[in-house]
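Asker: Handing you this structure, nothing more for now.
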Amino acid sequence: MASTSRLDALPRVTCPNHPDAILVEDYRAGDMICPECGLVVGDRVIDVGSEWRTFSNDKATKDPSRVGDSQNPLLSDGDLSTMIGKGTGAASFDEFGNSKYQNRRTMSSSDRAMMNAFKEITTMADRINLPRNIVDRTNNLFKQVYEQKSLKGRANDAIASACLYIACRQEGVPRTFKEICAVSRISKKEIGRCFKLILKALETSVDLITTGDFMSRFCSNLCLPKQVQMAATHIARKAVELDLVPGRSPISVAEAAIYMASQASAEKRTQKEIGDIAGVADVTIRQSYRLIYPRAPDLFPTDFKFDTPVDKLPQL
């Protein structure tokens, strides 16, 4: 809040001829230009983004930026911290010849913890191809939880994993606990515990997941044609409407529907293949399948083209 008020207090640069025009910033030239008349209103504009050139000993290091990372509004100081580069004099090395100052930062411990969590969140999101908006929402959730100190005693990695799970749910692209678990070092049970604690601490909620939330992705990963995906979606929806699967998770119902639809088509998939995609055991699929199998004739869409008749489907 303090940094925002300081920015608001600064005089606003405007074009004298067009005061309402939004100025265009040319960072290469360092100018601020009026788009209406082309007048250069301000010069020597400072670019607060990263400068991706290497200046430290003319060698490319892990982080080759000259002025550090771009501003991060989630950190207390916007991450405008000081970076101490490697020295060249004798005083820069200890008695064993090791550098004393290897990219040290004057950053608070809380900001350092959040930065580490943000990096872990980005890494996890990249592994399961999640877009940037999911990462941003996850970072915001983590910051709220961290500043409230409501989950003391829980590992930051576990909190970050749970925040990622919540962000996916809130953005309408849910992932399973096992999918999040697979890209983190945290157990499914611990992520689940943190998930419940975070919802309570932030007084927020997530929409209930449905079979449709996973159907498209599961079928795509199984390389199933559109007809099978549509049939599986129809089967799962009808099974829920007819109350055939009380107490079963939407994920297991979706997988059972995919198994039934694929077995009735020419593109058959085994229980193991389907289970591997969603991280669910074969027995879980079988339990849900057995519940919907007796009503199989009522579950398929009327225009479905059977390769295997309903009465020939596996009974398990």
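Keep in mind that glycine also has a Cβ here, set from the backbone N, Cα and C atoms.
From Swiss-Prot, here are the annotated features:
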ZN_FING   11-42  zinc finger
BINDING   CYS15, HIS18, CYS34, CYS37  Zn(2+) binding site
MOD_RES   SER70  phosphoserine
MOD_RES   SER76  phosphoserine
MOD_RES   SER92  phosphoserine
REPEAT    124-200  repeat '1'
BINDING   LYS152, ARG154, LYS189, LYS196, ARG248, LYS272, ALA281, THR284, ARG286, ARG290  DNA binding site
REGION    189-193  region 'Core promoter DNA-binding'
REPEAT    218-294  repeat '2'
MOD_RES   LYS238  N6-acetyllysine
REGION    244-316  region 'Necessary for TATA box-bound TBP complex formation'
REGION    249-252  region 'Core promoter DNA-binding'
REGION    283-286  region 'Core promoter DNA-binding'
Asker: Counting Cβ atoms within 10 Å across all protein chains shown, which of the binding-site residues CYS15, CYS37, ALA281 comes out on top?
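Answerer: Per the Cβ count within 10 Å, the most buried is CYS15.
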Asker: Near the region 'Core promoter DNA-binding' (249-252), which same-chain residues lie under 8 Å Cβ to Cβ, leaving out any that are not at least 6 residues past its ends?
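Answerer: 176, 209-211, 213-214, 278, 280, 284-285, 287-288.
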Asker: List, in sequence order, the same-chain residues at least six positions removed whose CB sits under 8 Å from that of the residue listed as 'N6-acetyllysine'?
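Answerer: ASP298, LEU299 - these are the non-local Cβ neighbours of the residue listed as 'N6-acetyllysine', listed in sequence order.
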Asker: For LYS238 (N6-acetyllysine), what is the secondary structure state per DSSP, taken as helix, strand or coil?
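Answerer: Once the DSSP labels are grouped into three classes, LYS238 (N6-acetyllysine) ends up as helix.
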Asker: Under a criterion of Cβ-Cβ distance under 8 Å and sequence separation of at least 6, what residues of the same chain contact LYS152 (DNA binding site)?
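Answerer: Spatial neighbours, sequence-distant, of LYS152 (DNA binding site): none.
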Asker: Apart from its near flanks, which chain residues at least 6 from the ends of the region 'Core promoter DNA-binding' (189-193) lie with a Cβ under 8 angstroms of it?
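Answerer: For the region 'Core promoter DNA-binding' (189-193), the nonlocal Cβ contacts are 154-155, 158, 161-162, 165, 177, 180-181.
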Asker: Using Cα coordinates, what distance in whole Å links ALA281 (DNA binding site) and HIS18 (Zn(2+) binding site)?
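Answerer: It is 66 Å, counting Cα to Cα.
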Asker: I want to verify one value. Collapsing DSSP to three states, which class is ARG248 (DNA binding site)?
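Answerer: Assignment for ARG248 (DNA binding site) reads coil.
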Asker: May I have the DSSP-based helix, strand and coil counts for the residues of the zinc finger (11-42)?
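Answerer: Secondary-structure composition of the zinc finger (11-42): 0 helix, 9 strand, 23 coil.
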Asker: Non-local Cβ contacts of CYS34 (Zn(2+) binding site) (under 8 Å, 6 or more apart, same chain)?
Answerer: CYS15, ASN17, HIS18, ALA21, LEU23, VAL24, VAL41
Asker: Under DSSP, is LYS152 (DNA binding site) part of a helix or a strand, or is it coil?
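Answerer: Going by the DSSP assignment, LYS152 (DNA binding site) belongs to neither helix nor strand, so it counts as coil.
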Asker: Please report the distance from the Cα of LYS189 (DNA binding site) to the Cα of CYS37 (Zn(2+) binding site), rounded to the nearest angstrom.
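Answerer: That comes out at 62 Å between the alpha carbons.
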Asker: Could you give the number of helix, strand and coil residues in the repeat '2' (218-294) as assigned by DSSP?
Answerer: 56 helix, 0 strand, 21 coil
Asker: With helix taken as DSSP H, G or I, strand as E or B and everything else coil, how many residues of the region 'Core promoter DNA-binding' (189-193) land in each class?
Answerer: 5 helix, 0 strand, 0 coil
